[in-house]
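Asks: Can you read through this structure? Questions will come right after.
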Amino acid sequence: MVRSMPLRGGRPQAPTAPTRWQLQNTVFAAESQNQPSASEAVVSSTRDAALQRRRALTTDGKAATLVQGSVGGGRVRSARDQRQPGWVRRDKGATSGVPFNLSRSSLPITNRQHPLTDTAANARLRAYEQEVKGRFDRIVPLLQRVSALQHEPDFIEQAQRLTRAELGFDLPQHILERAWVRPLDMRALFAWCVFESHRLFSDRFFQDDPLDGAAGSVAARDFEQFLLDCGIHLLDVSPCADGRLAHTVAYALRIPFSAVRRRSHAGAMFDVENTVNRWVKTEHRRHREGMPNPSTEPTRYLKVVTYHFSSLDPQHQGCAAHGSNDELAAAAGHQRLLDFREAVENSFCCGASVDLLLIGLDTDTDAIRVHPPSRDSEMVLDQWLCARELHAATASMTADQAMAQIAEAIEAGASGPMEPGMVAFLTRLIANNCSQIDYVQDLHGAPYPDAGHAERFIGVGIGFKEVHLRNLTYFAHLDTVEEGAPDLDVGVKIFKGLNVSRDLPIPVVVRFDYSGRVPGARERAIADCQRVNQAIADRYGELVNQGLLHTCLTVRDRNQTAPAEVVGSTLAPPLQEAH
């Protein structure tokens, strides 16, 4: 196959679309036929001077001098003006002695509400988080009360009444009925309560859309149109599987969950081959159906990696998959993005390529840092914008002024000229993140109290569209335990500290989504659940035999809004043998 290479200075474009270099060259050729008037020369000179001033703001720790003064009434900046803004971070050579994670800001906590904060959305998200997490948090206190009742004559009735009142479901009858002959199996009851709590919030998520982000919702349609306006036809985000990033889409970035493709992996190390296949499906749909837009339109597939770091305890509460090394987490995510782009460009002709973006998330404050990509998707690892510092710098401005300041900072922070659509996209992400920064501050009065892991269960398989809360679920997306062993092992290690150390079991929810449009898909999804369940039992046999690991098997039709269906569990009552 002959590969179509982009010309020098241009980027590969979607298979049937012209490259940006071609588009720009056409415009340049048309403009070059006409000599600029005197007024046009003044405008051009004014713009050049403005760009020089902007460059002065982002020089690596040095005062930049303009070639000449501004023609349009601007002034040449003094040395005081030429200092680098606090939200733009440069290479380590210019900041000797400063650790890599310069987002560990010493900014004081403020109670001032940012002009870009959506207080109504914050109130709605807060109510949902407290409702869901509150049920999980009531499990242990409830079971302690149930344990104290196990020798009462009406134990089963009291236990069920308490559980219904506190958690909204019944305990398994077959476990309660054994309490008179042997000690109550509190480990099994704990796992049951976790599984039932997951079932309840999953049901509500798909039936009521508490996050207002379902497909077809006003928020989802508006954001999808915004993406197209930015030149993006699909947004594909890979956060780390750490439960402290499970809320990245709906909370930290405030993106309607149905408008983004999300799949989490340990260390944000997404599978390149699988992602290429998803890119192929996306482009094929554009060709065949014109969805979300025709393939002839010059829009791009944007792949985002979200790594994380801790501003309070960087040596211990960073990414476990990268040994709490912020620099390694960012570098590994960046390299995986480059591998994905190279795989697409090497495998397909006609200038096929993708756009790339690297984002960091502070798991203590939910403030993001973005590495602004140039027009060629080039990013510099030690060059980023800190949303928390931008939040502080723009807190006293009006909303319009804050948006303009953020946009200017983004352009100034890139390693080269940026696409206007990418500037608009990043401006919106940082503006959205201002709401989340205030959300954490208002809810906790400080950074998160649970700086480390506090997940409630491990989610294994393919699916879990309903999980959008911080520290609720550790994800292990996999088709087989063998290929997903690194992700799953990290999760089990985390839960050995969270649960097993307290003599509580590790709850594992196995999920495989399927397409109800495909004959036999449901049966195959159930078989996948059973296969993975057996592989988990084999790999972690000691924990399973001690009752320290329980599984719940679920499947869901991704083409419907119906909740997941439970198809098996290690807590199911034993089958009676027929004679």
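Yeah, the Cβs are placed from backbone N, Cα and C, and that goes for glycine too.
OK, Swiss-Prot features for this one:
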- 72-95: region 'Disordered' (REGION)
- 78-93: compositional bias 'Basic and acidic residues' (COMPBIAS)
- Cys240, His308, Cys319: Zn(2+) binding site (BINDING)
- Asp242: active site, proton acceptor (ACT_SITE)
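Help me picture where these features are in the structure shown.
Replies: Every protein chain shown contributes to the tally, and the Cβ of Cys240 (Zn(2+) binding site) ends up with 29 other Cβ atoms within 10 Å.
According to DSSP, Asp242 (active site, proton acceptor) is assigned to coil rather than to any helix or strand.
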Asks: Can you name every residue in this chain, apart from Cys240, His308, Cys319, with its Cβ inside 8 Å of the center of the Cβ atoms of the recorded Zn(2+) site?
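Replies: Close Cβ neighbours, site residues excluded: Pro239, Asp242, Arg244, Leu245, Gly267, Ala268, Thr306, Tyr307, Phe309, Gly318, Ala320, Ala321, His322, Ala329, Leu361, Thr363.
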Asks: Write out the long-range same-chain contacts of Asp242 (active site, proton acceptor), meaning residues 6 or more apart in sequence whose Cβ is under 8 Å from its Cβ.
Replies: Ala266, His308, Cys319, Ala320, Thr363, His453, Tyr474
Asks: In the three-state scheme derived from DSSP, which category covers Cys319 (Zn(2+) binding site)?
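Replies: The three-state answer is coil.
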